[in-house]
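Engineer: Found this in TrEMBL, in case it helps:
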{"type": "TRANSMEM", "residues": "12-30", "note": "transmembrane segment"}
{"type": "TRANSMEM", "residues": "42-63", "note": "transmembrane segment"}
{"type": "TRANSMEM", "residues": "83-106", "note": "transmembrane segment"}
{"type": "TRANSMEM", "residues": "118-136", "note": "transmembrane segment"}
{"type": "TRANSMEM", "residues": "142-164", "note": "transmembrane segment"}
{"type": "TRANSMEM", "residues": "220-240", "note": "transmembrane segment"}
{"type": "TRANSMEM", "residues": "272-294", "note": "transmembrane segment"}
{"type": "TRANSMEM", "residues": "306-324", "note": "transmembrane segment"}
{"type": "TRANSMEM", "residues": "336-355", "note": "transmembrane segment"}
Amino acid sequence: MTNTQSKISLVQFTFFVIQCQIGVGILSLPNRLHPIAKGGGWISALIAGLAIQLIILLMWLFLKRFPDADMYESVCMLFGNKFGKLLGFAYVFYFTLIGMTVMLNACNVIKVWILQATPWYAILILFTIACCYVAYNTFKVIVRFYVMASILIFPMALLIALGLTRADFSYIFPITEAGWWNIIQASKETITAMYGFEIILIAFPKVNGSSVAKLKAISIANGFVTLFYTFTVWICFIVFSPKQIELIPEPVAYLLRSLHIGIIDRTDLLFIPIWMITVVASIASYYCAASIGIGHIFNLGNHKKAVPIVGIIAFSIALFIDTPEELKVIATFTDKFTYIFIVVLPLLFLLYSVIRNKKGEQYVQKKS
């Protein structure tokens, strides 16, 4: 249960979700969408936003039944302490795995675009320390940092918008060349690039306001991120030809590398450090969520003691994954694995709580 004084406001919650959602996937998303959806890839991003909104609604229907408990606490109320903690441990594994995967992809981008001569382990160490440093703070302090970091999204959008100076709108026509079915199918690529919203399973009870107000805050955040991703994909689609965009692994970074602003020869070196702050925030959210789970399972009192454990585990595994092929394998695995934890399990939790008519208020009454 969360103390009222340690809770965050609805506005802070909105910025928190935004920071959780924007991650590594934005750099490579246009390259992943175009082979499937062609010029209609930006529509796929919009469809993905709608699909994520439905998943958020599913999670919200479950969370509002236990308004003062996070997911770790609510599953213990539903299934008992032993099985509930087992499910909680599964989510700890999930959050650690996703956080590690995002960190691996981010380190790979840094290795390719900026620090080619730097050893892989050194980049991993720097990322792990930065993410654990953020995750080690109280939830309220973490959110305050995210609110400040959200200001950097606007320079990111402005730099991407400079691509309009090289636009050729004929590249996206005909928009429905791939067909509507392929455009809809391609939305799965965007959903995987926008992971992070599932952190609401942990953050929901830590926010002041009614359940409906919290849903509005999450929806605003998801809407903003959807538009930001759609805008980014659209810009890349009108700057690069269809053949070019399918050959460039990170079109966003390549676009910025080719742009010049006054005396700044490589705009990508301005963009990537800004983007790194957002990525660190996204990874730290997963590590924090995993640490909260460990704290709950082993009754540690708070999550701080568990943060180094999560960081060491993630770093130790990531250290042995250093080739593009291995990165692709683990990314593909996590993309498919994730749906179990963001759709299947929340749906089962909701159905079970409705069928058994279990709510958080009943648990509080029994405890008292």
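Using N, Cα and C of the backbone, Cβ positions are placed for all residues, glycine too.
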Engineer: Do the transmembrane segment (306-324) and the transmembrane segment (272-294) come close, with at least three CB pairs under 8 A (pairs 6 or more apart in sequence)?
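Structural biologist: Checked: the transmembrane segment (306-324) vs the transmembrane segment (272-294), in contact.
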Engineer: Using Cβ distances below 8 Å and needing 3 or more such pairs, separated by at least 6 in sequence, tell me whether the transmembrane segment (118-136) contacts the transmembrane segment (42-63).
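Structural biologist: Since fewer than 3 Cβ pairs under 8 Å link them, the transmembrane segment (118-136) and the transmembrane segment (42-63) do not come into contact.
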Engineer: Take the transmembrane segment (12-30) and find every residue of the same chain, 6 or more past its ends, with a Cβ under 8 Å from one of its Cβ atoms.
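Structural biologist: Sequence-remote neighbours of the transmembrane segment (12-30) are 41, 45, 102, 105-106, 109, 143-144, 146-147, 149-150, 153, 189-190, 192-197, 199-200, 203, 207, 209, 214, 217-218, 220-222, 224-225, 228-229, 232-233, 236-237, 240, 245, 249-253, 275, 278-279, 281-282, 285.
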Engineer: Taking the transmembrane segment (336-355) as reference, which of 83-106, 142-164, 272-294 has the most Cβ pairs under 8 angstroms?
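Structural biologist: Looking only at 83-106, 142-164, 272-294, the most contacts with the transmembrane segment (336-355) come from 83-106.
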Engineer: What stretch, picked from 83-106, 142-164, 220-240, 272-294, has the most CB pairs under 8 A with the transmembrane segment (42-63)?
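Structural biologist: The stretch I would name here is 220-240.
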Engineer: Considering only the recorded stretches 83-106, 142-164, 272-294, state which has the highest number of Cβ pairs under 8 Å to the transmembrane segment (220-240).
Structural biologist: 142-164
Engineer: Please indicate, using numbers and ranges, the residues of the same chain that are 6 or more beyond the transmembrane segment (83-106) and have a C-beta under 8 Å from a C-beta there.
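Structural biologist: Sequence-distant neighbours of the transmembrane segment (83-106): 23-25, 71-72, 75-77, 124, 127-128, 131, 195, 201, 276, 279, 282-283, 285-287, 289-290, 293-294, 296-297, 310, 313-314, 317-318, 321, 327, 330-331, 334, 337-338, 341, 345.
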Engineer: Go through the chain and flag residues at least 6 beyond the ends of the transmembrane segment (142-164) whose CB is under 8 A from any CB in it; none is fine as an answer.
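Structural biologist: The answer is 8, 11-13, 15-16, 18-19, 22, 134-135, 228, 231-232, 235-236, 238-239, 252, 255-256, 259, 261, 267, 270-271, 274-275, 277-278, 281, 284-285, 288.
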